[in-house]
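Read through the structure below, which is laid out as structure tokens, and then see the notes.
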């Protein structure tokens with residue numbers, strides 16, 4: 001996410017710049033390194049990365065279906081939350097997952113693209129053909145070392161490749177579901193604080209007010225967040241450092257011995273005493289780790305060290321102390337769990353905490369909304385999603401992306417969730433499904449990375465996979481029992497999105513097969529240009545195509561209708577590599593096609609490359625690259641011929657450029673004049 005705007009930033013790899021060899025330059029480097037600069041960067045992550053995680057105390061206890069809980073029950077629940085934060089938050093994400101970056105990028109799709117770059121597991125025809133090239137582009141040593149047996153098996157099995165793709169797409173779909181549920185549950189839980197000191201306010205009024213806040217938030221998305229984003233980190237820092245202070249106060253006042261609950265014996269006794277009911281309560285306790293995936297997903301927008309510092313020295317102790325304080329209060333007031341946060345806030349600071357909680361919930365919601373825009377944009381760029389409109393709301397901040405269609409659909413769904421569910425327990429059930437399944441998907445993909453890419457022995461990898469799959473599998477089994485009580489929502493959203501994505505994939509596959517079967521050869525074009533019926537007209541023409549071997553069938557229809565071809569014609573192919581960002585010197589590749597004034601151009605980009613507006617800039621970049629290619633490949637040609645070729649290019653550029661494209665060419669998921677910086 002952008003360090004200054006606080007907006008998720010999938011559209012670039014580097015925070016502080018880059019190097020021509022494609023190596024990642026971390027955000028801290030922009031401040032010339034140093035421990036103090038890492039601390040500053042860690043502070044900025046508070047307003048971007050950890051909004052969903054650090055606001056979870058608002059809704060964890062209210063989401064649990066507790067019935068006459070005892071002191072021992074609360075001690076067991078706190079023990080479960082403590083070890084969940086420790087094992088999943090500290091061990092899994094901070095110590096392991098943050099090391100599995102794809103050229104600095106993190107998240108579910110980054111893991112998938114990392115696997116694609118090291119093994120030939122792409123599915124779309126255009127991607128399968130490029131898999132080896134992608135791998136060599138990212139890792140020159142590929143092909144020179146012994147390959148993993150598991151990687152070879154996945155390459156040879158189309159079923160295995162489809163399963164891996166399905167898992168990655170499901171992870172993206174679940175993240176979009178998170179973008180629906182996080183704003184709803186965060187804002188509703190924060191606004192519910194009005195009912196404490198003002199009991200005359202009905203719950204329906206709180207729901208309506210929460211819906212109004214979210215509607216206003218969504219309507220403001222088109223203006224971007226640059227003007228207010230500087231407040232994000234101070235707001236979240238205020239929340240992060242005030243809630244544990246109240247937690248310590250509550251511990252000292254109500255139950256100083258709360259930390260004895262970290263002994264595993266309290267967890268064992270909790271399950272032995274409660275049986276099936278205790279197992280079902282895992283769905284509620286899982287919410288204490290919600291948002292932890294953001295640590296990994298936002299890796300490319302900060303750096304590993306800053307995220308580790310922020311989590312280990314602020315977020316983790318804040319949550320441990322806040323939950324300890326809540327639990328200490330509830331041990332002495334066991335029936336207040338339906339309002340487990342505001343009840344433990346002391347009266348003199350109630351309204352200041354209500355204000356901070358509401359602002360923190362809005363910031364957390366903004367982070368997930370922006371992240372959803374980013375996921376949609378990334379999916380469109382990679383040709384896994386239909387061409388929805390994606391625009392940049394700032395000329396200076398690359399990370400501020402906005403999708404109008406996505407925005408209004410999210411708004412309607414968020415409002416429908418608040419007004420339809422209302423009850424925090426049903427929302428918690430739905431949210432729990434998203435949280436656990438995304439973590440389980442990360443565990444599966446991370447294990448594949450360990451075995452295939454890191455070459456860790458399967459037995460050693462099992463030491464990671466087995467305990468975490470059991471832990472997260474237990475959580476998943478618990479939340480799946482709540483399918484009929486709200487848990488169906490993320491499944492429904494994910495199924496619809498997956499259907500759209502796979503439907504789009506199937507259609508694109510059929511289209512590519514048609515284009516390959518009906519492509520036009522250079523020999524046919526050469527014979528056609530020799531005909532007196534075809535005129536060469538002044539100007540520059542770009543023909544966009546999805547195929548890389550041959551010419552697009554659109555060319556035949558164009559010539560048949562216009563009976564002409566521009567003096568300089570450039571057949572342009574937009575090709576993505578399974579890397580986060582392509583080095584500038586590798587972005588545009590020009591070739592002569594052997595015909596007068598006819599050239600081939602391949603524009604390569606990564607899934608995190610930034611799309612900038614400006615059609616004239618695009619034409620200038622391509623023509624400059626073409627001129628450099630003519631100069632550099634003039635060996636064996638007379639100087640007069642080369643000079644005439646360059647003059648012809650300049651005249652064509654001055655006459656104006658024409659763009660001929662297929663409606664579904666990847667460029668056109670964006671505004672007409674979108675080009676690469």
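Even glycines carry a Cβ here, placed using N, Cα and C.
Because TrEMBL annotations are produced automatically, they should be read as predictions rather than curated entries.
According to TrEMBL, the domain 'K+ potassium transporter integral membrane' annotation covers 42-524.
Residues annotated as domain 'K+ potassium transporter C-terminal' in TrEMBL: 538-610.
The region 'Disordered' annotation in TrEMBL covers 1-26.
The transmembrane segment feature in TrEMBL is assigned to 41-62 (among others).
Long-range contacts of the transmembrane segment (74-95) within its own chain (CB-CB distance under 8 A, at least 6 residues past either end) are made by residues 60, 64, 258, 260-264, 266-267, 269-271, 273-274, 278, 281-282, 285-286, 288-289, 292-293, 295-296, 307-308, 311-312, 316, 319-320, 323-324, 327, 330-331, 334, 439, 443, 467-468, 471-472. Among the features that TrEMBL reports, transmembrane segment is placed at 74-95 (among others).
Taken from TrEMBL, the feature transmembrane segment covers 163-181 (among others).
Look at TrEMBL and you will find 232-252 (among others) tagged as transmembrane segment. For the transmembrane segment (232-252), the list of distant contacts is 6, 43-44, 46-48, 50-51, 54-55, 57, 258, 314-315, 317-318, 320-326, 328-329, 344-346, 349, 353, 356-357, 359-360, 363, 366: same-chain residues at least six beyond its ends, Cβ to Cβ under 8 Å.
TrEMBL lists 309-329 (among others) with the feature transmembrane segment.
Per TrEMBL, transmembrane segment is recorded for 349-369 (among others). Long-range neighbours of the transmembrane segment (349-369) within the same chain, counting only residues 6 or more positions beyond its ends whose Cβ lies under 8 Å from a Cβ of the stretch, are 1, 6, 8, 47-49, 51-52, 54-55, 58, 178-179, 182-183, 186-187, 189-191, 193-194, 196-197, 213-214, 217-218, 221, 225, 232, 235-236, 238-239, 242, 246, 291, 294, 341-342, 407, 410.
Within the chain carrying the transmembrane segment (430-451), a Cβ under 8 angstroms from the stretch's Cβ atoms is held by residues 59, 63, 88, 92, 96-97, 100, 108, 111-112, 114-115, 148, 150-151, 164, 167-168, 170-171, 174-175, 177-178, 181-182, 185, 283-284, 286-287, 289-290, 292-293, 296, 417, 421, 458, 461, 464-465, 468-469, 472-473, 475-476, 478-480, 482-483, 486-491, all 6 or more beyond its ends. What TrEMBL records for 430-451 (among others) is transmembrane segment.
Marked as transmembrane segment by TrEMBL: 458-476 (among others).
Residues or ranges marked as transmembrane segment in TrEMBL: 488-506 (among others).
Highlighted: of the candidate stretches 41-62, 163-181, 309-329, 458-476, 163-181 has the greatest count of Cβ pairs under 8 Å to the transmembrane segment (488-506). Sorting the domain 'K+ potassium transporter C-terminal' (538-610) by DSSP state (H, G, I as helix; E, B as strand; all else coil) yields 12 helix, 38 strand, 23 coil.
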